[in-house]
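Pulled from TrEMBL, these are the features on record:
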{"type": "TRANSMEM", "residues": "6-26", "note": "transmembrane segment"}
{"type": "TRANSMEM", "residues": "55-78", "note": "transmembrane segment"}
{"type": "TRANSMEM", "residues": "108-126", "note": "transmembrane segment"}
{"type": "TRANSMEM", "residues": "209-232", "note": "transmembrane segment"}
{"type": "TRANSMEM", "residues": "252-277", "note": "transmembrane segment"}
{"type": "TRANSMEM", "residues": "308-332", "note": "transmembrane segment"}
{"type": "TRANSMEM", "residues": "352-372", "note": "transmembrane segment"}
{"type": "TRANSMEM", "residues": "384-405", "note": "transmembrane segment"}
{"type": "TRANSMEM", "residues": "417-443", "note": "transmembrane segment"}
Amino acid sequence: EWDRWLLMGLIGTAVGLLGFLTHQIIDSLIKLKWDLMENYLQVSKRNGQDGNIHMTWLCALGSGLAIVVLSSGSVLFFCPAGSPAGLPEIIGYLNGTCIHHLFNIKTFLGTFVSCVLAVASGLFCAPEGPMIHLGALLGCGLSQLQLDTLGIHLPIFTRFRNSADKRSFITAGAGAEIALVFRAPIGGLLFTLEEVSSFWDIRLDWQTFFCCLMATFTVDLLSSSLYGFVYRGHFGFFEAEKRIIFWNLLDINVLAFIPTILLRMLGGLLGALFVFLNIKINKLRMQFFNSIPKSSLKKTSKLLETVLILRILFMFCVSPYHFLRVAAAALLVENGKQGITYLFKRGTHEEFGYPSPCTALAFYFILSCWMVGSAVASGLDIPMLYTGALYGRIIGLILVSVFGVQTNEYGAWIDPGLSAAIGAASFVSGMSRLTISLTVIMVSMLS
């Protein structure tokens, strides 16, 4: 079995490299976009135009629209199999459904490009769903070592070219992506066990866990010294603040279970509402696009839908005319992970008032619900965590308004950051019905 363990290690390392590359490119594109806007403002000031905020907004909108067109076009016209979120198709395949072109090289390239550009454009989406698909693609490709599209069949690992082993390596690749995204190897293993695959044995347990460990170690090792492809030193030094979002422990009072129960109920209700609305939106979307006779016009219409979503996002969330743009800027303009970090932060009882999270919650909930099912490779993990963290933060602010800022050890649990963390877990659970693996993932992230 040494070759199976070797292959699991190679898949984990490859998944770690791909995850590192994905996030580095996304961060670099976001930085480039905001640097261009900052330079434009400085040039405007030098020309005596006092910054010209309206032209800067149009510049940001134009760059975002260009990125969205490329993102949507890469899946509509290059690889139609890469347009869904990825995870449902992987689950379907691992449970016996045949889906054409799900594991070919065009799907890999198109999904990667679309995912990176969609997240960098500023749309309310995340790379996690497509990255699970990409991890499964790596598991399939490295275990089979054959490209039917290019007619390449390497004479290595030939004994794994059967459906059972192929499913095992695809499962490991998908779990490794979850592990590296949340830095939770055990969570990645439990996610595949709970959500992904129906065919399992104890041997696959240990091998998938090893694959998840290798993926997490690889991305941590590379991220320790590189940021935006620039070497920052400290190679191999894992800083806790960069790996754990909510990293200091908190004593809990039994009274904390009362708002926790409320947050659980909200998570279930809002999660069910999100799924219900998304199903209705997708039915209307399918009816509309199926009424268009020409294939080329149908694809163009799908591309224009993503452009419309970004236009609405900029109009309401980033527009210079929006009356809450200053208050909600840190929550709506920043990328999802940065926003979650703000919301989870301890000791910031009054940093966000009620208008900011309430406004952000309304826009984020509606636009992310519309976004799911559109013609870009995008995921839901970060939007789910973000939405839950927003209403969790609101509940925390209500507790602070009622009981005040507590500094004693018995009242330290009255912290909006803690409520945001519980709210994030409740919304993810309400939408996905994950329990055990989600608990492990959240504990790995938050403690």
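Cβ atoms here come from the backbone N, Cα and C positions, even for glycine.
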Which of 6-26, 55-78, 209-232, 252-277, 352-372 contacts the transmembrane segment (108-126) most, counting Cβ pairs under 8 Å: 55-78
Closest-packing stretch to the transmembrane segment (6-26), where packing means Cβ pairs under 8 Å, from 209-232, 352-372, 417-443: 209-232
Considering the transmembrane segment (352-372), which listed stretch of 209-232, 384-405, 417-443 counts the most C-beta pairs under 8 Å: 384-405
Contact yes or no, the transmembrane segment (417-443) and the transmembrane segment (252-277), 3+ Cβ pairs under 8 Å, gap 6+: yes
Chain residues in Cβ proximity to the transmembrane segment (55-78) (below 8 Å; excluding those fewer than six residues from its ends, i.e. six or more beyond): 29, 33, 36-37, 40-41, 44, 106, 109-111, 113-118, 120-123, 299, 302-303, 306-307, 310-311, 314, 318-320, 374-377
